[in-house]
Amino acid sequence: MENPTQNINETKVELGQEKEAQEEEHSTAAKETIIDIPAACSSSSSNSSSYDTDCSTASSTCCTRQGEHIYMQREAIPATPLPEAEDLGLLKYVHRQHWPWFILVISIIEIAIFAYDRYTMPAQNFGFPVPIPSDSVLVYRPDRRLQVWRFFSYMFLHANWFHLGFNIVIQLFFGIPLEVMHGTARIGVIYMAGVFAGSLGTSVVDSEVFLVGASGGVYALLAAHLANITLNYAHMKSASTQLGSVVIFVSCDLGYALYTQYFDGGAFAKGPQVSYIAHLTGALAGLTIGFLVLKNFGHREYEQLIWWLALGVYCAFTVFAIVFNLINTVTAQLMEEQGEVITQHLLHDLGVS
């Protein structure tokens, strides 16, 4: 016979186990469920009536549905990568402005040397024409080509105040903007290349001409503006204005030079002649060297071809002019020596010596 007390205890145990099972199922249903969905789904689910938005953050949205907490993860929007510190530093360096030290210093030196020459010369009329100090150690002379510094130093001498003032004003007006943008070293190379090309071209074409003035360097700066506009037209605010000013100046200067040489019978015609070869070769050097050394703010495919073409033209001209001068100098020396030997033979045959 079964004990009633034992049956009651077993029934209580079964009821307790069923109650614990129900509590575990309820707690499991109440647990949080995490669902990863894309951003597009999260926006559509927020409009559904079965979800009540509880809270939101930058990366997830918390909704409730019948006691359940659903965290809908949003896709992170990729941020635009910022330039690295090195790239920012390089960009800042390329676009930084420079003080125009070269143009200012070279202008001061040219004025000072001209004033010194005027002060040391004997009293004379300061109008036109004015004699050029041909015996100066700075003037370019074809009979003293072996004194190499003369191919550069002639730029410090000028025929008169008008010649000096004209070159100074033009190189300040056109040189300072270039140097502010591209730096002292680049503009110095362009200016000196124009001066050197001016004397080299004159020595080849006008081999008996003495040369003074900084016009080769001035025209190199003018032509460098054309190179700068070609390279950086899209990045310049007033490229058309600069191009127009260069064209207007060159046209006026050329027209004035032609007028004084062929049509004016006054005092200007009696003054020193303008060396068109020095102007032309100086401009050619400024254009080619400008393509080589000036900053290029927007690289394009065809500009590499222009760079190599400019390098080839400048090197070919310079090498030809240097070889031509060396051959002429050696030939002149040999002829002079042979002339003395022939003279001595003639005097000996005549019985004079």
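Note that Cβ sites are derived from N, Cα and C of the backbone, with glycine treated the same way.
Note: TrEMBL annotation is automatic and uncurated.
Keep in mind that this is a model prediction, so the values were computed, not measured.
Marked as active site, nucleophile by TrEMBL: S215. Per TrEMBL, the feature active site maps to H279. The compositional bias 'Polar residues' annotation in TrEMBL covers 1-10. For 11-29, the entry in TrEMBL reads compositional bias 'Basic and acidic residues'. If you look up TrEMBL, you'll see 147-295 marked as domain 'Peptidase S54 rhomboid'. TrEMBL lists 1-32 with the feature region 'Disordered'. According to TrEMBL, the transmembrane segment annotation covers 99-116, 151-176, 188-205, 211-231, 243-262, 274-294, 306-327.
Contact between the transmembrane segment (151-176) and the transmembrane segment (306-327) is absent: fewer than three CB pairs lie under 8 Å, with pairs separated by 6 or more positions in sequence. The stretches the transmembrane segment (306-327) and the transmembrane segment (188-205) are in mutual contact, each linked to the other by at least three Cβ pairs under 8 Å (pairs 6 or more apart in sequence).
DSSP assignment over the domain 'Peptidase S54 rhomboid' (147-295) gives 118 helix, 1 strand, 30 coil. Ranked by the number of CB pairs under 8 Å to the transmembrane segment (188-205), the listed stretches 99-116, 211-231, 274-294 are led by 274-294. Less than 8 angstroms from the CB of H279 (active site) sit G198, S215, G216, Y219, each of them six or more residues away in the same chain. Looking at the domain 'Peptidase S54 rhomboid' (147-295) alone, the prediction's average pLDDT is 86. Here the Cβ of the residue listed as 'active site, nucleophile' has 27 other Cβ atoms within 10 Å, regardless of which shown protein chain they belong to.
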